[in-house]
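Asker: Here it is, the structure in full.
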Amino acid sequence: MKLEMALSIALALAVVSWTQEFFPKEAQTLNWSKFSGFWYIIAIATDTQGFLPARDKRKLGASVVKVHKTGQLRVVIAFSRPRGCQSREVTLKKDRKRPVFRNTLKGVKGFHVLSTDYTYGLVYLRLGRGGSNYKSLLLFNRQNISSFLSLREFLDTCHILQLTKQATILPKDDSCAHTILP
């Protein structure tokens, strides 16, 4: 029993340590002007129950990211939900110490670009209010199709975040995504 507990603690510490090394500590090098614009959401992994509709009703998501003011982003996200296509807009403020944007009043605990080459983006989104916390990993792409390498990175990151079972590649139907075209 004690050995199992010790092994569990050691494994948890190793995962936390490796996760901190995997994720960039600073996004200062990210060019937000280049990252800004329209993105298709090609894939999602989330621990939010009931977020996506039934498989036959799923569609590509979309996001528009804009630099609002210095240290602020305006983000619009559209998704096919159980009640149809829905979009939300929120203004996020950059954290002073961490490379993450947030708006806790609107339930956004973190919007963090984990990696990008400006044709794709891997975005870690943390939501929550009260005692509820949810994490999502989004694969952004400028086109409605993804490269093998960005999809592989998405799936590897899902594994690290323990979201592999929830990973979903969205079908190419972009009718919901086009509702927020700038």
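Keep in mind that glycine also has a Cβ here, set from the backbone N, Cα and C atoms.
Annotations per Swiss-Prot:
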DISULFID  Cys85-Cys176  disulfide bond
CARBOHYD  Asn31  N-linked glycosylation site
CARBOHYD  Asn144  N-linked glycosylation site
MOD_RES   Lys165  N6-acetyllysine
SIGNAL    1-19  signal peptide
Asker: Could you tell me which of these disulfide-bonded residues, Cys85, Cys176, has the fewest other Cβ atoms within 10 Å of its Cβ?
Answerer: Cys85
Asker: Taking only the recorded positions Cys85, Asn144, Lys165, Cys176, which one has a CA atom nearest to the CA atom of Asn31 (N-linked glycosylation site)?
Answerer: Asn144
Asker: Which Cβ among the glycosylation sites (Asn31, Asn144) has the fewest C-beta neighbours inside 10 Å?
Answerer: Asn31
Asker: Sort Lys165 (N6-acetyllysine) into helix, strand or coil using the DSSP assignment.
Answerer: helix
Asker: Tell me which residues of the chain lie with their Cβ under 8 angstroms from that of Lys165 (N6-acetyllysine), as long as they are six or more apart in sequence?
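Answerer: In sequence order, no residue meets the Cβ cut-off.
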